[in-house]
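Right, one structure below, let's go through it.
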Amino acid sequence: MNITIISVGKLKEKYLKHAIDEYSKRLSRYCKLNIVELQDEQTPDNASEKDELIIKDKEGNKILNSIKDNMYVITLDLKGKMISSEELSKFIDNCGVRGNSNLCFIIGGSLGLSEAVLKRSNYSLCFSKMTFPHQLFRVMLLEQIYRAFRISNGEPYHK
């Protein structure tokens, strides 16, 4: 299984980098992990709705250019489906069974994802109705993917 995480914005905090490194190391026995960081566009404090749409489209184009044709794209979006850790485990297993062994999770920037990215998505997932910093969310996503593999393999971790 190949898993790519495309994320808008660079990690700045060392403690988050350490957490990502730890989960990347743990995941290496289950999948080939590739993390793609894309430069976010600066959003002025007084940005209009039109300005925000332009920024989302620019970030969206960067995301779309990073997606390969053979990838099964999973967007992380507030309008996505909320599922449990067990359901995520089954979902990842089922993707592999159906021949979708190149999963691509997409984390948008502070303004969210463009319509073009949402249209390219094969599945939309929502972790919570709450808003999280995208840097922290990257750690949360990696932890849930790791948990999903542990559940799938019947290994102790999930409680």
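Using N, Cα and C of the backbone, Cβ positions are placed for all residues, glycine too.
Copied over from Swiss-Prot:
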- LEU76, GLY108, PHE127, SER128, LYS129, MET130, THR131, PHE132: S-adenosyl-L-methionine binding site (BINDING)
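Known features from Swiss-Prot, placed on the structure.
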residue : record                               : contacts (Cβ under 8 Å, 6+ apart)
LEU76   : S-adenosyl-L-methionine binding site : PHE105, ILE106, ILE107, GLY108, SER124, LEU125, CYS126, PHE127, PHE137, LEU141
SER128  : S-adenosyl-L-methionine binding site : MET82
LYS129  : S-adenosyl-L-methionine binding site : LEU78
MET130  : S-adenosyl-L-methionine binding site : none
THR131  : S-adenosyl-L-methionine binding site : none
PHE132  : S-adenosyl-L-methionine binding site : MET140
Please determine which of the binding-site residues listed here (GLY108, PHE127) has the lowest count of neighbouring CB atoms within 10 Å.
PHE127
When DSSP is mapped onto helix/strand/coil, what comes out for LEU76 (S-adenosyl-L-methionine binding site)?
strand
Just how spread out is the S-adenosyl-L-methionine site if you go by the largest Cα to Cα distance in Å among LEU76, GLY108, PHE127, SER128, LYS129, MET130, THR131, PHE132?
15
